[in-house]
Amino acid sequence: MVVKIMLRTMHKDFARYNQMDSVEDAQEEFGWKLVHGDVFRPPRKGMLLSVFLGSGTQIFIMTFVTLFFACLGFLSPANRGALMTCAVVLFYKSFGGEKWKTNVLLTAFLCPGIVFSDFFVMNLILWGEGSSAAIPFGTLVAILALWFCISVPLTFMGAYFGFKKTGIEHPVRTNQIPRQIPERAFYTKPLPGIVMGGILPFGCIFIQLFFILNSIWSHQMYYMFGFLFLVFIILVITCSEATILLCYFHLCAEDYHWQWRSFLTSGFTAVYFLVYAVHYFFSKLQITGLASTILYFGYTTIMALIFFLFTDVMPLTRDGTIGFFTCFWFVTKIYSVVKVDPWAEKGEMSHVGTVNEKTGF
């Protein structure tokens, strides 16, 4: 239903904008067409954004392949370690960033380093408690070997080939002087849109989240991999629709800062995930010890971070990913269809923009 309404709205916009053939009509532009000269402007903190996108792409590919093999029956829930082992191996063997030098170093070490540091602290607590659930030292060394001997070299390899490729061409040029954003209504400001954008994706997963948390903390078997894969597909579609819809509203309000907002809109689902995990801890679990409480929230933080990156970047087409890249795909498509530079036909200005070499956007 949302897709149908959105398509009808876009067709009306295309028909109305493409009727503006004269220079006088073009000077009276309105809505999302008015910001065509700024919509592909490099975002603030583009380096950090690209690092998150690279890590999220790794997590998505790992999750998709793991769920696919689980649905085929290659990973049995009776062997509880097989699923996680496959996930870790696939994560470290996924291809990495698209930038060079500092960017690729951050992609290889920032997010994995945060996760490993948290995991190592949790394991130290288990060692201190004398728990049999503590990861042996040899296994930690093996994980570090996977990180430095597989993940890091493949990240540099992916960055090398990505750097050698030609830059992405934008359908419209970027103006030298940024356009001033007009006064916005409350519901078109960044924070309300980000908060609302994570509600629907979380509604798709919270039932499965309950069973997953039960399998982790209440020692129950989880067998519904086929249904989990279906929920995964629904989550992909929901994140796409919610992010594109909010991106369209902001562009209509002449706000062209869509990059970070699109990234955080779908990623805010992780905040609802964290809130639900806190509710689950106090309502379902009978944990009283300080060490056990620290372990629960430590591992939950790792899960929330991974889910944050996961919902931000999920491959959808060759040009885009859910969250940030779905909006990138959407913005590229709408500005390539509509006529935005009537002077370009006379050869007075270039119609195609190029990627900023420093930021990659």
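These residue numbers are counts, starting from 1, taken along the chain as shown.
Note: Cβ is positioned from N, Cα and C throughout, glycine not excepted.
In TrEMBL, annotation is done automatically, which means it is predicted and not curated.
Feature list (source: TrEMBL):
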type: TRANSMEM; residues: 47-68; note: transmembrane segment
type: TRANSMEM; residues: 104-127; note: transmembrane segment
type: TRANSMEM; residues: 133-163; note: transmembrane segment
type: TRANSMEM; residues: 194-217; note: transmembrane segment
type: TRANSMEM; residues: 223-251; note: transmembrane segment
type: TRANSMEM; residues: 263-282; note: transmembrane segment
type: TRANSMEM; residues: 288-310; note: transmembrane segment
type: TRANSMEM; residues: 322-338; note: transmembrane segment
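Note: the stretches the transmembrane segment (133-163) and the transmembrane segment (194-217) are not in contact (fewer than 3 CB pairs below 8 A, sequence gap of 6 or more). The recorded stretches the transmembrane segment (322-338) and the transmembrane segment (104-127) do not share 3+ CB pairs below 8 A when only pairs 6 or more apart in sequence are counted, and are therefore not in contact. Residues 2-3, 6, 9, 31-32, 35, 39, 63-64, 67-68, 70-71, 75, 77, 188, 193, 196-197, 200-201, 204-205, 208, 211, 257-258, 261-262, 265-266, 269, 311, 314, 316, 322-323, 326-327, 330-331 of the same chain sit 6 or more residues outside the transmembrane segment (223-251) yet have a Cβ under 8 Å from a Cβ within it. Here the listed stretches are 47-68, 194-217, 263-282, 288-310, and the one with the most C-beta pairs under 8 angstroms to the transmembrane segment (104-127) is 288-310. If you look at the transmembrane segment (263-282), the same-chain residues 6 or more away from its ends with a CB under 8 A from one of its CBs are 49, 52-53, 190, 193-195, 197-199, 201-202, 205-206, 209-210, 213, 239, 242-243, 246, 293, 296-297, 300-301, 303-305, 307-309, 311-312, 322-324.
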